[in-house]
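**Q** Right, I'll just put the structure down here and ask away after.
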Ligand code: NAP
């Protein structure tokens, strides 16, 4: 068997086209969704993510602003800026590129962003809503995975989903979103014993460990759906956590790296910002 490849890139383009039309319709009602991205320092990888977010916003006609602050900005200065953005009625989504430098608490920053403008979905109030099955802003990568699975018409109810990873960014929230869809969810992590005995049971295997080629064809049940979240650079080349060539011979569906989960993350950020604008304007 050779798996059907789920290209997040294509789906992301289709969704962004729909969003472009939605933004344009909101403009006719004088609603201009706006995302503000704040970055501290000049880390090239973070800067490239941030520029990608800004370009994607502009491409769908959404207002966006990039605030670049020096790395020595104090925690209080950053908190003051966030408060100003919280109060600014023209701003609908606020994103501070994480991690922030060591002298600033990530958690304090996450909690300072008003939950109604928390388009990353990291604020404890929004995490709590997600856990209790309420509508809210869902974290972008997990949400992107959920949308990919749904658009590929993969049944989730009753399926055994095995997730490698339990980070607050990916592993835990994707597990929660799939539990909310009535899947049976198992989380594996670095202390899990006999990883393969778990992965072999998965109807849907989601790999978010950040370890190149952690999973290969022999770890996968015949016909499983494999979602590779990993982004690793090996010998200058971008690669996932799954050995694509061997896995695709066993899986029924598989996402590639690049062009898989990655493009969906920014797309869901745009979705969340439009949603924030609509909610703030009672649309
Ligand atoms: P993270 O915070 O480092 O978490 C990695 C998780 O994997 C941890 O729970 C860790 O277990 C587990 N793990 C690590 N090695 C393992 C092993 N050998 N066996 C089993 N479990 C193992 O990383 P993250 O932020 O969740 O990101 C995961 C990957 O996804 C990274 O490659 C990242 O670059 C990528 N990512 C991609 C996107 C995208 O848009 N495509 C977005 C976010 C992240 P412990 O908890 O026990 O340490």
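Using the three backbone atoms N, Cα and C, a Cβ is placed for every residue, glycine included.
What TrEMBL records for 6-120 is domain 'Tetrahydrofolate dehydrogenase/cyclohydrolase catalytic'. What TrEMBL records for 139-279 is domain 'Tetrahydrofolate dehydrogenase/cyclohydrolase NAD(P)-binding'. Per TrEMBL, the feature NADP(+) binding site maps to 165, 166, 167, 231.
Give me the lay of the land around each of these features.
**A** For the domain 'Tetrahydrofolate dehydrogenase/cyclohydrolase catalytic' (6-120), residue counts in helix, strand and coil come to 59 helix, 18 strand, 38 coil, using DSSP.
The helix, strand and coil residue counts that DSSP assigns across the domain 'Tetrahydrofolate dehydrogenase/cyclohydrolase NAD(P)-binding' (139-279) are 52 helix, 28 strand, 61 coil.
Around the Cβ of residue 167 (NADP(+) binding site), 15 further Cβ atoms fall within 10 Å across all displayed protein chains.
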**Q** Return the residues near residue 166 (NADP(+) binding site), defined as same-chain residues 6+ apart in sequence whose C-beta is under 8 angstroms from its C-beta, sorted by sequence, else 'none'.
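**A** Residues satisfying the criterion: 172, 175, 187, 189.
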**Q** Which one of these binding-site residues, 165, 231, has the sparsest Cβ neighbourhood, judged by other Cβ atoms within 10 angstroms?
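**A** Candidates: the binding-site residues 165, 231. Fewest Cβ atoms within 10 Å: 231.
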